[in-house]
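A.B. asks: Feature annotation from TrEMBL assigns region 'Disordered' to 1-47, 78-101. If you look up TrEMBL, you'll see 31-45 marked as compositional bias 'Polar residues'. If you look up TrEMBL, you'll see 94-235 marked as domain 'Phosducin'. Look at TrEMBL and you will find 685-724 tagged as domain 'GATOR1 complex protein NPRL3 C-terminal HTH'.
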Amino acid sequence: MATLDEKFLDGPNVGYCSSSDEETGLGDGDTASNTPSGVASNRKQTGPKAVLADYHTAQHQMKVKQRKAELEMIKEAKRFTLQNPSSSQKQSDSSDDDEDLESIRRRRMQQLKSLSRGRILEIPDAEEFLSVIENNKSSSYLFIHIYRDGLDSCNTLNEALLELTSKFPRAKFFKVQAHLLGTSGFFTSNALPALQIYRNGDLIGNFVRITDHIGEDFSSAQLLRFLTSNDIEPSDGMQQSAYSPQGVILVSKDDSAERVLFMYPFTAELPVVDKEEDCTKDWKKTDDNIADQTSPAICAASQNAGSLLCPKEGLSGVPFEIKVDNIRFAGFPWRIENSTHSLAVVFVLPGSAESHIVDSFQKLSKKIAIAINSEQQRCNYLKLQIQLMQPAWDEYEALTDEQKATHSPYPAILEKSGLCQHLKEVFEDVCDYGMCDVFVDDCIEVGFCVEPKAFLQAGLAPKSNKEVEEIMKQVCPYHGILFLEDCLPSPDSNPFVLKFLEKYEANLSIEELSASTGLPLLQVLQIVKHYLLWARAIVIYPICSTNVYTTTPCHTSFTTMVNTFSEQFEGCGLAEIVEQFSPPSSLGSFLADSSLYSPVNLRMQMLIFLLRNQLLVQLHTYLYLLPPISNTKIEGCDPSCITPRINTVIKSVNGVTEELRGYLTDLCGQAILSGVPELEVFYMVQQFVKFIPFLNGRHHIEHIMFETQTDRSNLQRVMDLFAPILSPLYIEGI
């Protein structure tokens, strides 16, 4: 039977309509139930009626097939989500899933660490070594690692110091090879790795062969504890502690009691030792995290935290904040669905924490609570975790009061409970990097960022969520973004983000990215906001040859960038490149400078390096509409050559003085006498009138171009014609 399209459009049956019973499309077994309503199957259909009947039948059959396919899909989905797989399949799938999740988390946290991790600068010679020490007159700590290539213990110390750079951004870290200092062969063979620490120009720590004190294989936490035991506190005077929690507490409430299930860091009493040897062994054996001590105030406040912090009746789902002495407790209580059980993940914050920091940790508490609640509904997760914690609590309750003073149930709970391990990961990652990314029960992902700390770790000025929101209000479609480091998508990234990263270029605007990716402009703006909040990118004007850049005044990190720049761009000096933008210079001039022998594409990479490290800022041109300072008449103008239509346009201008109207007339007459066609002058004065509302010093040229839909060349021609009554101002901005 010919299809409807064939009957109406093309093919051998064009214009033919069936009137025979054989082409009705219904077999002997067809009944009225298989026929769409409104189509009679027991009557002969002829002419157009037969065509319509065939069409309705085909549509009905198509819907039936689609519905059947949907039901099959739902059935398969239910089978995989509701049925319990076999034990062997479950173990295999669980193993594969664990590996995949761990791979995703490891890769993501590696990206976060690479963003926040600082650098250890290389000292090239003995003269520079002395200069670094002499120039360190501030109260910040100066660490110098004296090492030898190929020595495993030196590599271990280097890795530990790298971890400390992210925790203590105000401290300075350097390394130098021993032979460059003229040391003896005996020193090089027997005294490395060596660590020297200076403050206010004085040597306060000199640890030769530091592995004798903390062992061959040590972590940054062990190194930090060793330094602390020697009265070296790199955190002295640091301000960013207000952005980090001091602890995390898991509290619950059920029919029986209100109690603290877990807290981290927990106090762990270390054995008292007298001999230095025993102390050394103790440093080596003690777990990194058990030695992390909570302050006495936290411990005292947490003793009665069960009744203080547990969710109250009717307050579940409402964030709370409690201040005790100099400590704030912030959380988001949550009532477990279909249960009398309530819980709250409470973060312990400094008393000086600002309101936006408290809000951030309340949001994190809510995210974790929702994840726990979801897993409880799926697989009884919370109940199983509490059952794992209970034996440790039973053992602790069986102790005498004296024994309780020196014991804690939390180490045993941490070892057994996956939920507590997740809370530990969240706490440590937020403290170290300002970000965290965990999979609760290896199933539900919880991602979080403390914006000010993340910005600080990325080398940017700290900004709160509200400040980022204010920046987003200023972002226009003509803006672009610049990633602070090359951004690689995660395996489970949102497909919109993958498409965005695939098309991203530093010279594309948000509007152009929207067009090239096919994503709505609002969606692209949401992606940009996401990267701003996670301190992964900054807003810029898209890189183009007309952009004017200048050096950042008094950039304190310039010296720390020199070695990094030399490593990335071999044979090029950072000072020489930065000098190209002092005085301010356009990108086009920089790329065309014949005194630089590097290829153009390499110079573009250099510019991106300078922008990422905030060694350059872009200058935007703002314009004011002002009459000339002197009252002298504009030479070479004849008002009589002004055509009526130009006069009409000038007289129609609102909000300007008669003096400015006179100058407009004179400038138009001057242009016509100089040979500019009257039609072109008429067009330019029309354009200028359109620009006047933006000539108040509040809008830069790029914004004027966007608002008036004018290209740069036409705008520049108009501005050149009326330059005598325009005053330009160059200001840093986006």
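A Cβ is built for glycine as well, from the same backbone N, Cα and C atoms used for every other residue.
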A.B. asks: Over the span of the domain 'Phosducin' (94-235), count residues by DSSP class, listing helix, strand and coil in order.
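C.D. replies: Within the domain 'Phosducin' (94-235) the tally stands at 72 helix, 27 strand, 43 coil.
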A.B. asks: As a quick check of your reading of DSSP, tell me how many residues in the domain 'GATOR1 complex protein NPRL3 C-terminal HTH' (685-724) are helical, how many are strand and how many are coil.
C.D. replies: 30 helix, 5 strand, 5 coil
A.B. asks: Below 8 angstroms Cβ to Cβ, which residues of this chain, lying six or more residues outside the domain 'GATOR1 complex protein NPRL3 C-terminal HTH' (685-724), approach it?
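C.D. replies: For the domain 'GATOR1 complex protein NPRL3 C-terminal HTH' (685-724), the nonlocal Cβ contacts are 476-478, 541, 546, 620-625, 628, 634, 646, 649-650, 652-653, 655-656, 663-664, 667-668, 671, 731, 733.
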